[in-house]
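Everything on this sheet refers to the single structure shown next.
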Amino acid sequence: MSYFVIRWFADKTRNLILAQPQSLANYLNSDEPAITSTRGQVSVYYHGNMAMTDISNRLPSFITFALEKIRSRGGKWECAWFIILCSTFSLLLFWAYFWLEAHNDYNQFNWLLYNRSGEWKDGTVPILATTAVGFSYITFLMVLALCHISLGQQLNLYWIHKIGVLAALITTVSGVVSISDVWGDEWDIILISLQFTGPFLHIGALAAVTALGWLVAGHVIRAGRTKFHMIVLLVYLSVLLVLYMVPLAITSPCIMDRNSLKPRPDVIGRRGAPMLAPENTLMSFNKALQQGVSSLEADVSVSLDGVPFLMRDRTLRRTTNIAKVFPDKQHEDASLFNWTEIRSLNAGQWFLESDPYWTVGSLTGRERNRMGNLTVCSLVEMLRLTARANRSALLNLQRPPPEHPHYKTWIMDTLWAVQRSGISQKRVTWTPDTDRGRVRGLQQTSLEKLSGEEVRHRGISSLTLRYSQASNKDIQDFLVNNMSVMVYPVNEPWLYSVLWCSGVPSVSSDAPQVLRKVPYPIWLMSPYEYCLVWITSDLVSIAIVTGIFIFQKWRMSGMQNYNPEQIMLSAVTRRPSRDVNIMKEKLIFSEVSNGVTNTDEHLYPENGYDIGQYK
């Protein structure tokens with residue numbers, strides 16, 4: 001059956017030879033032959049001698065030639081689409097990696113969206129869903145493309161897949177541009193995360209490029225020493241060499257002697273435990289204390305009548321029910337309400353209704369009832385709880401607007417609340433850089449990255465820095481100068497492990513319940529162990545790549561010993577078994593995909609060989 005299908009294909013494409021003799025000349029790598037057609041027979045004369053009669057009988061060579069003509073017409077476009085597919089896959093891989101590592105700051109991202117739109121919602125859900133779908137789809141197409149290439153075939157994407165690839169590419173590029181505009185500082189997390197994932201990404205990339213050696217070896221050996229394929233081989237070997245040397249550029253604080261590991265960093269409850277209970281409430285601080293935090297961090301504002309209270313946002317819309325109690329004043333600054341009005345608001349129902357961290361389901365019925373009746377917490381209440389628990393407090397103060405009656409006395413109002421709480425002043429850390437001379441009894445910290453000389457000049461005992469501001473080198477310099485460093489926000493075990501290995505004394509976290517489960521850095525290797533892993537992986541890769549090229553050479557040389565034309569001719573004279581048919585089809589189409597490598601003796605017979613004699 002396969003013979004007649006191929007014969008039909010030959011008959012349908014016979015005009016290709018008659019119309020373009022120069023193409024056959026290019027195929028034969030020689031001068032243009034003379035071609036005649038008589039009674040359905042196609043004869044090819046080369047240098048006055050008959051080279052072929054009824055070319056449709058020379059099926060394997062003819063089909064290879066015809067397919068090469070088709071490929072030459074669409075090959076450039078298919079190559080372009082393959083490049084687009086690879087680019088889309090690479091960009092989506094980068095995009096997915098970014099969002100995987102940015103999980104540490106999802107809360108900050110949602111808060112930024114809230115400040116822009118005025119509505120609280122989890123903006124990461126649609127992004128993660130579309131990324132997962134797009135990456136799975138493009139990965140599927142990429143695997144199919146590599147399978148086609150491994151068989152010597154073109155990509156031949158359907159138009160619907162081309163639209164899908166372009167849609168994925170445009171969507172991802174738009175996402176990258178939008179994040180750069182809204183959340184541009186977050187790109188720093190990629191370089192920081194490489195300190196943790198770098199050694200493992202190197203091994204993964206080395207395994208992937210080593211596996212690609214099968215495709216590269218097959219194409220280079222099949223095509224021979226053409227200029228293009230030699231360039232492909234050179235590029236592949238260059239990439240492989242770069243990957244072998246990449247560990248020289250990988251630096252990680254987790255590559256260290258175990259004896260040099262510093263004590264476990266203290267964990268500070270940032271606004272309590274905001275993933276387990278509403279932020280800046282007594283219930284949230286109690287939850288944080290249950291998780292073993294060393295300190296409590298809170299955001300402090302001053303009410304219209306001078307009472308310091310805890311609130312992160314400038315308004316009360318997100319974390320209270322002000323839209324129901326004072327609908328006409330819901331957009332006003334939180335500090336422009338008196339304490340009686342603020343105390344009348346519910347500060348827990350929003351958490352139960354929106355479930356911002358998907359943790360409400362883990363609450364007991366008693367905790368739900370208690371949460372539903374929470375009110376806004378005052379600074380005095382929080383400090384008294386801290387004193388009873390024998391913990392420390394870190395205060396982030398927000399200055400009221402200029403029209404506020406306590407605009408000039410807000411520092412004194414806060415200090416008065418600290419004294420009323422009864423907590424030791426040595427347990428309270430003060431962050432504002434203004435009026436430091438008036439709060440000398442408290443611990444002083446700065447949110448700015450200062451030099452050792454500036455720290456001593458301002459009388460500051462510690463620095464509070466975002467994790468992107470504190471490199472491993474900076475941390476070591478601070479420790480050498482006896483400066484304490486607190487890093488925020490640290491919500492993921494991998495980031496906590498990196499900072500632990502760097503020697504950070506304390507971190508501020510929205511998820512103390514997560515960091516509590518990290519009793520030791522996730523991974524820690526000595527320099528000797530890392531070098532051993534590096535050299536071993538390189539040697540294994542070299543051995544595998546060498547074996548692949550040797551096997552592909554042996555495989556191709558074995559396939560060239562078959563003459564698929566003789567198999568096709570025997571198919572006409574006798575009825576073969578099904579297994580033989582399958583074997584013949586494999587040989588024929590392997591000849592089609594691999595190219596004709598042993599056809600010169602058939603195309604250039606010395607004595608005018610005429611295949612018509614076998615009819």
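Using the three backbone atoms N, Cα and C, a Cβ is placed for every residue, glycine included.
Fair warning: this is a prediction, and the values are worked out from it, not measured in the lab.
Lifted from TrEMBL, the feature list:
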DOMAIN    265-519  domain 'GP-PDE'
TRANSMEM  79-100  transmembrane segment
TRANSMEM  127-151  transmembrane segment
TRANSMEM  163-183  transmembrane segment
TRANSMEM  189-216  transmembrane segment
TRANSMEM  228-250  transmembrane segment
TRANSMEM  532-551  transmembrane segment
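Here the transmembrane segment (532-551) has Cβ contacts under 8 Å with residues 199, 202-203, 206-207, 209-210, 213-214, 217, 221, 240, 243-244, 247, 525 of the same chain, all six or more residues outside its ends. 228-250 is the stretch from 79-100, 127-151, 163-183, 228-250 with the greatest number of Cβ pairs below 8 Å to the transmembrane segment (189-216). Ranked by the number of CB pairs under 8 Å to the transmembrane segment (163-183), the listed stretches 79-100, 127-151, 228-250 are led by 79-100.
Below 8 angstroms of C-beta separation, residues 124, 127-128, 131-132, 134-135, 138-139, 141-142, 145, 155, 157, 162, 165-166, 168-169, 172-173, 175-176, 179, 186-187, 189-190 of the same chain, each at least six residues beyond the ends of the transmembrane segment (79-100), sit close to that stretch. When pLDDT values are averaged over the domain 'GP-PDE' (265-519), the model yields 93. Same-chain neighbours of the transmembrane segment (228-250): 194, 198-199, 202, 205-206, 209-210, 212-213, 216, 219-220, 530, 534, 538, 541-542, 545, counting only residues six or more beyond its ends whose CB sits under 8 Å from a CB of the stretch.
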